[in-house]
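Just below is one structure, and these are the notes that go with it.
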Amino acid sequence: MGWIRGRRSRHSWEMSEFHNYNLDLKKSDFSTRWQKQRCPVVKSKCRENASPFFFCCFIAVAMGIRFIIMVTIWSAVFLNSLFNQEVQIPLTESYCGPCPKNWICYKNNCYQFFDESKNWYESQASCMSQNASLLKVYSKEDQDLLKLVKSYHWMGLVHIPTNGSWQWEDGSILSPNLLTIIEMQKGDCALYASSFKGYIENCSTPNTYICMQRTV
């Protein structure tokens, strides 16, 4: 009887252990199956969430590239128009009067810039043939457009060796502080350049010239 009771007791213990082990296996199997079932769901949700996200990223990148291209194009157009725009000569309300065709009318004076190169005497003759004279600078205020001139042009200013003065074609003396005379080389004639500067030049040297006609 003791032996049978011992076997029953051991059997009960084994059954208990088996039952516990079986429960552990079931729990482990359930956990594994739950994870396997959960993973596809999670992956599916990830894919569902990732697809709109990457689509949005793609749209954002495309719009960014398009914006950069548009900015580049507009910048190029703006710079091109900026560097190619013509210099506008300011106009005043003062009466200018009639000028020859294609001449510039500004503050009661008519101006023409000639691109052909002539010596001083030939330039003077060309202006006289058009009822005008070589440029005479008499006022920085009334002739402020001359600040726009960038190259050298003959003007009607000559040096008088006998008294060392500079005179205009009409015989008037150059007013002090009106022009800065710069000796570029030996000569008795003067070229006009920018910022009210006069450059001494040999009268026989070919240069472009400016003709001027008073309207009053």
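Positions of Cβ are set from backbone N, Cα and C atoms, glycine also.
Only one of CYS39, CYS211 is recorded by Swiss-Prot as the disulfide partner of CYS127: CYS211. The candidates are ASN49, ASN131; Swiss-Prot tags ASN131 with the feature N-linked glycosylation site. Cβ environment of CYS211 (disulfide bond): TYR111, GLN112, PHE114, SER126, CYS127, GLN130, ALA132, SER133, LEU134, LEU135 lie under 8 Å away, each six or more residues apart in the same chain. A C-beta separation below 8 Å, combined with a sequence spacing of at least six in one chain, links ASN202 (N-linked glycosylation site) to GLN185, LYS186, GLY187, CYS189.
Looking only at the topological domain 'Extracellular' (73-216), the predicted model's pLDDT averages out at 86. For CYS127 (disulfide bond), the Cβ neighbour count at a 10 Å cut-off comes to 23, with all displayed protein chains included. The distance from the Cα of CYS105 (disulfide bond) to the Cα of CYS203 (disulfide bond) comes to 28 Å.
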